[in-house]
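Annotation source Swiss-Prot lists transmembrane segment at 1-21, 25-45, 60-80, 99-119, 124-144, 151-171, 178-197, 202-224, 239-259, 274-294, 326-346, citing sequence analysis.
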Amino acid sequence: MNPYVLMILMSSLGLGTTLTFSSSHWILAWMGLEINTLAIVPLMAQQHHPRAVEATTKYFLIQAAAAAMILFTSTTNAWISGQWDVTGMPGPATSTAMMFALALKIGLAPMHFWLPEVLQGLDLLTGLILSTWQKLAPMALIIQTTQTTDPLILTSLGIASSLIGGWSGLNQTQLRKILAYSSIAHMGWMIIVIQYAPQLTLIALGTYIFMTSAAFLTLKVLSATKINTLTTTWPKSPILAAIATLVMLSLGGLPPLTGFMPKWLILQELTKQDLPATATIMALTALLSLFFYLRLCHAMTLTTSPNTINSAPHWRVQTTQNSLPLTISVTVTMGLLPLTPAILMLTT
């Protein structure tokens, strides 16, 4: 892609998200979401591969439907209440419809079906943008509209996303689909606590972005898209395979890695709110996600020669990619747990 075109598209991504962040009017927030969608569509379709074009078409149709629903709901709310304020959704019908539209935007269960299929058709870097940056603007709107939304709906969305994200990832062999279901499960953890402690949602979102960035960038360096290609990574690059293993375990939420921090804080908050059943269900759904991360770790570290492998080994060539983003994201993914008290002080 032409570097000038790429610069314009990336600037538009930043502009759309910033516009949604800073707006208190539904029309401006909607415009920011649409700028985001229109900016990422050319990035998704740049490969000119049938799978990429199919994924782009699916993404565009789903996002257009969600945007139409947001515009319709905000207009209906303005007609009923006489205000366009983002935080002013007094009616249960409009607030529920808006929550489902935003859930469709970010791929929360049960509106999640498009996300694995779209992510599977993209290359890893575009998939990284879709899994991280594109979640920011809708999540900002969800945080602002939470106070007027029925708590039962938020709890149901959170449990369903965590459960489906863990359960559906168990039988996957494609790494991008596994990361898509991982994204759905992490979004469930954010939604479950958003009504009680929005600052914990922000912490969970931040750690998720760093962990997912580390996972995508590591797989990009390893040129891995399926589980059976991970089996040759240890002989090819032992250090990178060890780093990738720790990143996956961090995504699974094992201590003493960063991924344990949001799960620990969220379970603690749910227990404080006298919701032991919800906390227990969320802790059990985390085990489902942990299982398929352990599958990836097993493929990378324990399935080495002379064992039988089902994929041809790759030549080990010197990478020309910039390793700074990978280094930063891996460092944050592994070492943020001791800073938990400081992070809590900064966000509360």
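Including glycine, each Cβ sits where the backbone N, Cα and C put it.
Here the structure is a predicted model, which means the values were calculated and not measured.
The listed stretches are 25-45, 178-197, 274-294; of these, 25-45 has the most Cβ pairs under 8 Å to the transmembrane segment (124-144). Most Cβ pairs under 8 A with the transmembrane segment (151-171) among the ranges 1-21, 60-80, 178-197, 274-294, 326-346 are made by 178-197. The recorded stretches the transmembrane segment (202-224) and the transmembrane segment (60-80) do not share 3+ CB pairs below 8 A when only pairs 6 or more apart in sequence are counted, and are therefore not in contact. Same-chain neighbours of the transmembrane segment (99-119): 33, 44, 55, 58-59, 62-63, 65-67, 69-70, 73, 127, 130-131, 134-135, 138-139, 141-142, 145, 149, 153-154, 157, 160-161, 163-165, 168, 176-177, 179-181, 183-184, 187-188, 191, counting only residues six or more beyond its ends whose CB sits under 8 Å from a CB of the stretch.
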